[in-house]
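Asker: Pasting a structure below so you can have a look.
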């Protein structure tokens with residue numbers, strides 16, 4: 001056993017087994033899962049007296065550099081050589097040194113893993129090892145959840161390489177791109193390492209830049225509640241493989257954790273998922289399987305770990321359900337129509353609608369489809385119980401099934417007559433309300449008349465009053481009526497002036513119209529006596545249904561000629577204040593714009609204004625000649 005050649009021969013056998021396992025891609029429980037192939041060669045170096053070294057080059061596919069095992073021993077190595085060399089992590093003699101370099105290639109790519117010398121003798125041969133700690137670089141960190149990053153601080157000293165990884169049994173796997181970067185940090189500086197998900201197995205790893213240095217790793221998030229929140233469940237990929245009566249879901253985890261899964265049912269997306277008794281799924285290498293389940297969108301898996309849980313409904317991918325049910329009523333029977341795409345047995349039983357899904361009553365009616373072609377439609381006829389009852393329908397050939405609660409409505413036969421009666425009543429009520437409102441409440445489209453009061457005692461003044469009335473009717477538009485005695489001479493002569501005036505006043509009050517008083521300086525009158533005139537004017541103001549509007553022609557009456565009792569009324573000088581007067585008479589701008597927009601409407605209004613202007617001049621000449629023979633008095637024009 002002291003021969004170097006014999007030792008090399010014995011050592012080559014386990015190494016050859018390792019490489020053959022790698023080449024054949026055989027999974028070994030004690031080795032990482034490798035995907036590359038290697039070739040093994042052994043060479044014995046005889047140049048050193050008393051010390052024999054052997055190198056085992058490893059030619060790794062898709063790698064630019066070669067890696068090798070280096071084994072050194074002295075000729076006096078105690079027996080058995082194989083046990084002390086391969087079975088013991090540290091040899092009993094300080095003079096024995098084992099330095100190995102090997103590759104561990106995981107499913108995420110190529111990564112070099114190094115073991116360190118077991119004694120201080122090996123550390124002295126490392127470059128720059130005198131300035132490093134044997135335990136790797138120290139560092140501190142801060143979690144920055146708002147930016148999804150971890151800030152790592154390296155104390156003053158040499159540069160260090162830092163990274164984030166997910167700790168598995170044999171290695172700390174890199175994160176997915178673009179979070180798999182490694183950053184070099186100078187001593188006394190900080191660096192932010194972004195992460196995709198905050199998970200309990202996430203670790204922070206730091207190492208110096210020299211070859212074969214120890215990596216210092218911290219995995220502090222196992223006890224952090226934040227690591228089991230929404231990020232934990234977002235990082236898991238759920239894949240549904242459910243079919244027939246088997247509920248299957250495969251999980252792809254980023255952490256080596258074992259979750260618990262139970263069957264639950266959820267009434268709607270906002271209510272909690274209620275766990276069913278004795279419905280725990282079996283787990284096998286990330287696959288969760290539950291047998292004898294009716295695949296329904298409201299039957300879900302509830303995964304839990306520690307104090308965190310997540311509900312995943314595997315059959316909500318948009319595919320059609322395996323079976324559906326509809327119902328129809330005929331005479332005293334209820335007919336259930338089952339459409340199924342698989343062999344199944346369906347049952348139904350009457351239930352009280354107030355007791356929910358657990359209140360089925362006997363008897364139970366069933367129908368099966370166990371042979372023949374599918375899909376198929378099955379009809380189950382059930383005697384009608386009573387009005388207001390509901391029926392439970394479920395798949396009875398499985399252990400876990402969702403129950404449908406159907407409540408037949410037999411009132412649809414009278415629904416047409418009821419709707420027709422309601423429509424007739426609604427229409428009648430609407431007509432009555434419209435008529436009532438049109439009678440009592442004047443709408444915005446109803447016309448309001450204008451009562452024009454005057455005291456024209458000459459032919460020129462009467463022509464001027466008629467022209468003013470025609471001008472107001474044309475300018476107001478919208479069918480507005482102007483009431484003046486000159487246009488109703490026959491009616492005034494038949495009933496008399498005073499009855500006509502009171503009838504016109506009542507109409508204006510009923511239709512919420514306006515009284516316009518036209519004032520001018522007339523010939524001799526008893527109005528100059530003072531008190532009788534004041535009393536008559538006050539009586540006229542009180543008798544008006546609304547506040548009086550006073551208008552006067554500037555050539556027939558001056559502002560100071562208006563009596564004192566009437567000076568408190570709104571006054572309008574014609575024809576200068578005609579726009580203000582029209583607004584006071586509730587002339588709508590939309591009506592004016594519509595009427596004036598017709599062809600010739602502006603020309604008609606212009607001709608009315610010119611006629612009023614000419615008649616005003618003619619009446620002023622007549623008043624001037626009459627005033628030379630008698631004093632001036634006040635009167636209505």
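Just so you know, glycine gets a Cβ as well, placed from its N, Cα and C.
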Asker: When Swiss-Prot marks a stretch as transmembrane segment, which of 416-436, 437-457, 458-478 is it?
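Answerer: When 416-436, 437-457, 458-478 are checked in Swiss-Prot, transmembrane segment belongs to 416-436.
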Asker: Between residue 307 (N-linked glycosylation site) and residue 278 (N-linked glycosylation site), what C-alpha distance do you get in Å?
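Answerer: So the alpha carbons of residue 307 (N-linked glycosylation site) and residue 278 (N-linked glycosylation site) sit roughly 21 Å from each other.
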Asker: Please compute the mean pLDDT of the model over the topological domain 'Extracellular' (25-415).
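Answerer: Mean pLDDT across the topological domain 'Extracellular' (25-415) comes out at 73.
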